[in-house]
Amino acid sequence: MKIAILSREPNNYSTRRLVEVAQARGHQVEVLDTLRCYMNIASHNPSIHYEGRELESYDAVIPRIGASITFYGTAVLRQFEMMNTMALNSSVAISRSRDKLRAMQLLSRHGIGLPVTGYAHSTHDVPDLITMVGGAPLVVKLLEGTQGIGVVLCETQKAAESVIEAFIQTNNNILVQEYIREANGADIRCLVVNGKVVAAMRRQAQPGEFRSNLHRGGTAEAIKISPEERATAVQAAKIMGLDVAGVDILRSARGPLVLEVNSSPGLQGVEAASGKDVAGKIIEFLELKASRKHKPAE
């Protein structure tokens with residue numbers, strides 16, 4: 001196959017691994033800087049141009065679109081889809097999962113376990129909002145945040161009121177969530193590929209920190225997940241419409257609680273912790289998806 005990888009960082013571990021594995025399996029791979037792609041949105045002959053040339057057709061595209069460029073990145077991916085290029089994850093599914101509020105509402109509708117989560121617009125409603133999620137301590141999250149940025153643990157009612165009011169008054173959209181104390185600064189990242197958990201790791205926050213993101217100094221180790229956790233991760237990815245996803249789960253007294261469903265999960269931490277060839281599983285699935293697309297009707 002001829003595969004395009006949309007990535008702003010060709011030397012990023014995840015991008016390099018996908019290139020290496022795909023090439024080792026006989027595929028032709030080109031890494032394209034997402035923001036350098038530009039589009040001709042024509043009715044009969046849509047095209048994508050890159051560095052002064054019109055791109056030839058590809059069999060498949062792997063989107064590695066960062067959260068900060070979701071709008072433009074999904075537009076580029078839609079253009080590939082208009083040109084009948086098969087996408088590892090669809091533009092619709094990526095957009096759905098990147099909207100954290102919408103994602104929470106969809107997961108809630110399907111009965112997936114979640115931390116109690118509040119959303120409000122007016123500062124007049126802050127005291128009741130805090131009560132609604134169980135009071136302090138609680139967690140405030142910027143809807144546009146990523147890698148633990150814009151996530152604040154408020155340990156008292158006064159601190160919670162101040163932080164929430166400050167965010168709202170500066171026109172930031174936030175979620176207010178209950179703090180799951182029994183998780184003890186740890187979460188589980190499940191890598192789901194084609195409806196199966198192919199790898200999992202437990203991420204533990206640094207002492208004095210509650211955010212377990214590896215970008216914030218958290219550590220990772222292999223973990224054996226329960227059947228309920230496995231089913232929750234698979235179902236969460238399915239609800240988002242993602243064939244490849246990183247599903248973040250907290251262990252709580254009332255079972256697994258989903259924090260986030262990531263459409264472009266990093267591979268370095270989970271491959272190192274689990275010892276699993278996740279990149280290989282992704283390329284194998286891409287091959288399977290391509291074979292299904294080109295299989296003649298019976």
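Cβ atoms are placed via backbone N, Cα and C, with glycine included.
Here's what Swiss-Prot has on this protein:
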- K141, E178, Y179, D187, R211, S212, N213: ATP binding site (BINDING)
- D248, E260: Mg(2+) 1 binding site (BINDING)
- D248, E260: Mn(2+) 1 binding site (BINDING)
- E260, N262: Mg(2+) 2 binding site (BINDING)
- E260, N262: Mn(2+) 2 binding site (BINDING)
- 104-287: domain 'ATP-grasp' (DOMAIN)
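With E260 (Mg(2+) 1 binding site) as the anchor, the candidate binding-site residues are K141, E178, Y179, and the one with the nearest CA is K141. The Cβ neighbour count for D248 (Mg(2+) 1 binding site), using a 10 Å radius over every protein chain in view, is 21. Annotation: D187 carries the greatest number of neighbouring Cβ atoms among the binding-site residues E178, D187 [cut-off 10 Å, Cβ to Cβ].
Cβ neighbour count for N262 (Mg(2+) 2 binding site): 21 (other Cβ atoms within 10 Å of its Cβ, all protein chains included). The secondary structure of K141 (ATP binding site), as reduced to three states from DSSP, is extended strand. Note on the domain 'ATP-grasp' (104-287): its mean pLDDT in the predicted model is 91.
The separation of D248 (Mg(2+) 1 binding site) from E178 (ATP binding site), Cα to Cα, is 16 Å.
In sequence order, K100, G150, V151, V152, I174, L175, V176, Q177 are the residues near K141 (ATP binding site), counting only same-chain partners six or more apart with C-beta under 8 A.
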